[in-house]
Amino acid sequence: MLPSQLLGALAVLVSSANAFKTFEGAARDSAQQAVIPGQFIVQVAASSLLKRDEADTVLDNVLNRLRSAPRVKAKPRKSYREPRLFTGAAITVEAAVTAEDILSVEGVERVWPVRRVSRPTPVYASDSPASSSSTSAPVSAEQLLTLAEDNNATLFRRGSTLSRRSTAATDTWNPHVMGQVDVAHTKGWTGQGVKIGIIDTGVDWKHPILNLATSVAPCFGPGCLISFGYDFVGDNANAGAMDPDPYTDCTEHGTHVTGIVAAQDNSFGFSGVAKGAQIGHYRVFGCTGESSTDVVVEALMRAYQDGCNIVSLSLGSSGGWVDSDPSSVLVAKLNSLGVVTTVSAGNERTEGLFWTDAPAATLTGISVGSVDVTSLPAYTANILLRGTIPILAALPLPITDTLVVYFLSTDPTKTDDGCDALPAGLDLSGKVVVIQRGTCLFTDKMSNAAAAGARVALIYNSATGGDMPYFGTQDTGLEAVASMRREDGLKLLAFYKQNPRSLRMNFPTGPLATDATNTISGGLVSEFSNSGPTNELYGQPSLVAPGGSIFSTIPLALGGVDILSGTSMAAPYIAGASALLLSARKSEKLTPAQVRSLLVTTAKYTTSSLESGSSLETTVLQGGGLVQVVDAINAKTLITPYELQLNDTAYFKGVQTITLENRNPYAVKYTFSHVASRSLGAYDKAAKTSVLPSLDPQEINAAASVSFGARVVTVAAGKTTNVKVTIKAPTISAATASRFPVYSGFLIINQAASGQKSQRYTVPYFGVAARMFDAPILDSTSTYSGNYETGLKYPFLTDYDRVQVGPSSMAFTKSVGVTLFARLAQGTRMVTVDLVLGSSTFIPTIPSTNNAGLATRMLRRSPNSSASPSSSLHDTSSLLDVHDFSFDSNSTDFSSELNPLVRRAAGSSGPLYSATSILGRIYTGTELPRDYAVENSGPAWSDAQITFHGRYQPDPTKPATVSAANSKEYRLLLRALKITGNPLYEASWESFLSPPFTFSS
């Protein structure tokens, strides 16, 4: 993180800003699109040492001043009254009110815009239609349990005691085996006495698997499994529709997450990680749509007030910077107050390295990535006289008959099997139709089979296919659909070739199968799981847990159970593991930092592929590795820090100290060694020329070397020792360094004591073999802007019809305005757009002539399409000013507990930033993530569109604005602060000076 003097300098620059505008267009900026105009969260200067009534008085006084301030006239919507955690409010203001106006009110300490929080959604295969559920058909409690029962099982009926098969001594559930939860359960560790709060989309607490065995009927409240919580939004996401009951049956995510933590024993054979814990659920999403940061803050505060020991959040949005929004700040504060937080790392791995989400990107919380299960959820299908195969489905197929099998093609190399309409005379009535994956959507294959009369479709994997998804019939007319591993499809094909006319199979009900080994990605970091680190080079994620292909509960109205994937599924697993740890070691009163250290340093690192001899996965994808909860419970050595962050080459921190605290009742001998994990290039080619980060980072030969002050140390019982660690950065060529290699590895600490079982600990480390200061910030390529007009490069000016390519001036009207299109190739602490005279002699890093080779062209109305009246870019003339200001210029405690990336800043020489003559400020943004390349909603990529209608602030410290003169030449000056740059100096900024323009009216 930037040191305090630089943050102070940055705060001075921010305080002179006018507005942070939000602009809707064909592509949207990843930071700007989330801002809700006219809504802010304020924090007041109320000491955490104040009593509740004293803090209330402070807040009430500030709110009164906000109401009466002439430039503000705020309308408070929510108040946050917990002096130990957060004292502040969510307010609504008129469009013209800026953060500076709010900050000018006495007693306001910090201001954030309220941002939308994206709805958490599972990850789907690219050839699979996104669906709310692969089961979808409503079931009753009795029907659900019947599907998985054998003939001797006891059904759940209302008014009777719920009897289930006990798995306490026989937990063989694959995700539990992967993380040693099965062993913990056999020892009786189930999270007893721990309160876990889940912040999500609501929960179906009427679900029989989410009720205690002692419950006579489904229940919510004291004495029930889900015993507390709150609904902050209601079904229609109306922030005023609050209810103490978080029940919902319209969305699956929150119920699925809750089941991962707390599902009770059942005949499906799975249970929750912390099935003995007390569960609370806080609903912050309605049936559809997004939530917002003010609601998440409210839920975090309620969880603290309800006495939660652990809070789990499977939600977030692009961030890139530590503590960049109020929910991140509250997560860190909760940790300081003794509450463990587990947050999903995010599902945007296809964006490349340096892509982290908020609030996962905190310094003190636990950020959780995902690994795929090693055994896929499946059911057994019988092939008459041939044996059995596993089929991949959330529920047993609702087929009681024995059906004839038909393969659309017996050629296992056919790539478009089932993609075309089947021959008109082909009658597949009553048959099981088997189709190979490839070329077209699954729904196309299903629909074609259904049109020929098929009852069931089984789709098996192609030779090059990734993980097979789970899906339902998708309204295709089929009675049932399931997927198969390739090996099972080929096995069935071999039987079919021997008996193509009368091969038959059936689909019995019963418990889940155990023979569907995941031979593609089992145990590997999931292909969707986010890649760290943050822009300041803090490690994300902390560790990984099972999150790919997870079987759990969903509302009965949506099918009762389903298989979903995402880091959303991994975070509650770690919440449960934390509960097992806290419960088993209750007397030690472990702190959140100690919980994180124990879980991370006892985790098991994973490889980068299933091939023999493959390298270990980078620590910026797996953190410390796959959680091993029993090892964490048994570990009596506490290691600090839990991870070594080496920074970049400019501020390399190669000499560090590991502290070992021996809590064993006997002396322990520790032996140190090291293993490297794979290094990845953040860019495909030299960053300076390629500009855009790689979307598929490739392995680079760049390993660090490690030495220790002592290879072996012995620590007496109850004592602590320090060990010096020296890490030498990789020796690489300039060409390799230009790709920004992220290298990593693990320190290995083996513990041994006479007559005692040995234990191994690992400490992950990572660094960047380049200067972060040199990472390009502004996109100056045509890769994405070329969707508007072939060859067009960012940044550029337009009125949504013409593009100003210069060098001569172009006239615009004030009613339409002139719009600056820009895009961030990397995150930045600050972006500014200023109005300057057309005669400005400023020399930018991106020349005004960047598009000089293009003729003045008509801008396409929408990307990747021809101009048409129905697809025009959105007019931004009526959009509101919103300012994003989250720095506290009065704070001096910026790095006392941190390992800052910089102790000084690059670019701290030459002309000052303030030396450039400007007419006024148009736009300011702070702590911005880089723009999307492939994971944005709507168009896959995003950019910023900043429209100027002629009004600006000549004095940035005063609210008065003036209008630009007609017929006078102006230019727009765009500047973006480099990572680790000193904002006081112009050399720390990338810049673009637009071609000249005038206003005609």
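Cβ from N, Cα, C; glycine included.
Residues or ranges marked as active site, charge relay system in TrEMBL: ASP200, HIS253, SER568. Sequence annotations record features per position, and here TrEMBL assigns domain 'Peptidase S8/S53' to 191-605. Sequence annotations record features per position, and here TrEMBL assigns domain 'PA' to 409-473. Annotated domain 'C5a peptidase/Subtilisin-like protease SBT2-like Fn3-like' per TrEMBL: 645-765, in sequence order. TrEMBL lists 1-19 with the feature signal peptide.
Cα-Cα distance from ASP200 (active site, charge relay system) to SER568 (active site, charge relay system): 10 Å (rounded to the nearest whole number).
A count of other CB atoms within 10 A of each Cβ picks out SER568 as the most crowded of the active-site residues ASP200, HIS253, SER568. Mapped onto DSSP classes, the domain 'PA' (409-473) shows 10 helix, 10 strand, 45 coil. Note on the domain 'PA' (409-473): mean pLDDT across this stretch is 95. On a Cα basis, HIS253 (active site, charge relay system) lies 8 Å away from SER568 (active site, charge relay system).
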